[in-house]
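See structure below.
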Amino acid sequence: MTAAQLFALSPLAALAIGAVIAMLLAPVTKSAAAARIAAATGLAVAALLEILRAGVPPAPIGALFTDDGLARYGTAYAALFGLAALVFLRVAGVAKEAPALVALVALGAASLTGAGHAATLFLGLELISLSLIALFAFPLTGMALEASYKFLVMSGLATSAQLLGVALIYAETGALDFPGWVGHGPLFALGTALLLAGLAFKFSLAPFHMWTPDAFQGAPAGAAALAGVVSKAAVAIAILRLNSEAQLPQPLWSAGLATLGAASVLVGNVLALRQQLLPRMLGYSTIAHSGYIAMILASGAPGTNEAVLFYLGIYAPALTATLCASAMLGPAPMLEDLRGLARKRPLEATSLSVGLLSLAGLPVAGGFVAKLYLFKALVQSESWILLAIAMVGAALGFYYYIRFFTAPFFGHGGIEPAPRHRFDRLLLIFCFGLIMLFGFEPLVLITAVNSALAVR
């Protein structure tokens, strides 16, 4: 193995080493601090290595893994926001094994974003899923165990569908690497449909979304952030790679993505309208955002890769900020609990409101530019029905986001926020800064995305 290949695999190695050390420390230490430091070090080193590799020519690694801009962006993204999730996972008081599982989720996401082969695709997805099952259950409350059990059962079904789909594709094409997936027979079409169903579950697309609101409500907020940010981004990048490298049957693949995306936008936004619990509202909201991303993926418009990566970059700090603020208010704060929060905790109130503003896609916050990318892709592809659904979804989203956006600044009462840690404060400031930076200077993120995509 050459030095270039070792350098290309070094971020994955950092994540794996951090996870293993955290696992070894968990049973022999009295607190989770040592394991948390080990996992955080692995995540930080992986993110730093990917930043240092910016502009370095890709190294040929083999059929299983691809060292290109998509993989590098996805690895840095997973490491950075995995580290963010680890910061406020402590709020829930979860087990000492949790930091190792966070690093494993990031490792699975990094593997998935660079997957060029069915084996790597399966490995990445299952590493994410199995780690999330344990993380969802760790508080050992009724809601957490229910969320974990639902995710376990449905994840098993999705994995079965995915494996059967890959087997049928292999029977038709005789290949497991993505470039070899070329065919037009019925087995290929059925295999593609099953593969899409398996990916749709991991992506929280309707009708495979049922686990998402329960996970956001019952699981630790850090675990919800991993499922809603890191896992979602990895699956989106894997679909981008399938779009570009595999020749999946059309219009089955794009029409399936478009249909699932449209259904997710409508289901997620409509069900979020009636929610009074902040985490559950965010759970339905993330289903809608999965739908928006699926619409971009299905459009096939010029600049699809740029639009998806930009949307993911905007979406991550917004959802992370809202989930962190929610965790600091208690296990499942309601709308009424937010009343008057700005007088007690101005940082939490501001970060929560700005995060919701970005998720709604309103001006000033970065989400506004992300919505412009969405509408541009749908107009360029002349997907007028999808455009109408996206606009209706955005209007519905504005209504329920604005309810939670205004609550901290009006009224009295509410709950007494839990004591906060300095790292929580730093995370909120970091996410707030990213949201405002990408809102006022979106070229910063656009430049980073285009630099990543230039590495082929």
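Placement of Cβ uses the backbone N, Cα and C atoms for every residue, glycine included.
Some features that Swiss-Prot has for this protein:
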TRANSMEM  45-65  transmembrane segment
TRANSMEM  75-95  transmembrane segment
TRANSMEM  97-117  transmembrane segment
TRANSMEM  118-138  transmembrane segment
TRANSMEM  151-171  transmembrane segment
TRANSMEM  181-201  transmembrane segment
TRANSMEM  220-240  transmembrane segment
TRANSMEM  252-272  transmembrane segment
TRANSMEM  281-301  transmembrane segment
TRANSMEM  308-328  transmembrane segment
TRANSMEM  382-402  transmembrane segment
TRANSMEM  426-446  transmembrane segment
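Tallying C-beta pairs under 8 angstroms between the transmembrane segment (220-240) and each of 151-171, 252-272, 281-301, 308-328 places 308-328 first. Counting residues 6+ beyond its ends, the transmembrane segment (181-201) has Cβ neighbours under 8 Å at 125, 154-155, 157-159, 161-173, 175, 208, 235, 238-239, 246-249, 252-253, 256-257, 260 in the same chain. Counting only same-chain residues 6+ beyond the ends of the transmembrane segment (426-446), those with a CB under 8 A from a CB of the stretch are 84, 87-88, 306, 310, 313-314, 317-318, 320-321, 324-325, 347-348, 350-351, 354-355, 357-358, 363-369.
Beyond the ends of the transmembrane segment (382-402), by six or more residues, the same chain brings 258, 261-262, 265-266, 268-270, 272-273, 275, 281, 285, 288, 291-292, 295, 298-299, 356-357, 359-362, 371, 374-375 to within a C-beta distance below 8 angstroms of the stretch. As a quick check, the transmembrane segment (97-117) and the transmembrane segment (151-171) miss the bar of 3 or more Cβ pairs under 8 A, pairs 6 or more apart, so the two do not touch. Sequence-remote contacts of a segment are chain residues at least 6 beyond its ends whose Cβ falls under 8 Å from one of its Cβ atoms, and for the transmembrane segment (281-301) they are 203-206, 209, 212-217, 224, 228, 232, 236, 239-240, 243, 254-255, 257-258, 260-269, 271-272, 275, 307-308, 311-312, 315, 319, 322-323, 326, 359, 371, 373-374, 376-378, 380-381, 383, 386, 389-390, 393, 397, 400-401, 404. Remote same-chain partners of the transmembrane segment (308-328), defined as residues 6 or more beyond its termini with a Cβ less than 8 Å from a stretch Cβ, comprise 70, 73, 77, 81, 84-85, 87-88, 91-92, 216, 220-222, 224-225, 228-229, 232-233, 236-237, 240, 278-279, 282, 286, 289, 292-293, 296-297, 345, 348-349, 351-352, 354-356, 358-359, 365-367, 369-370, 373-374, 417-418, 420, 424, 427-428, 430-432, 434-435, 438, 442, 445-446, 448-449, 452-453. Long-range Cβ contacts of the transmembrane segment (151-171) within its own chain (Cβ-Cβ under 8 Å, at least 6 residues beyond either end) map to 118, 121-122, 125-126, 129, 132-133, 136, 181, 183, 187-188, 190-202, 208, 210-211, 215.
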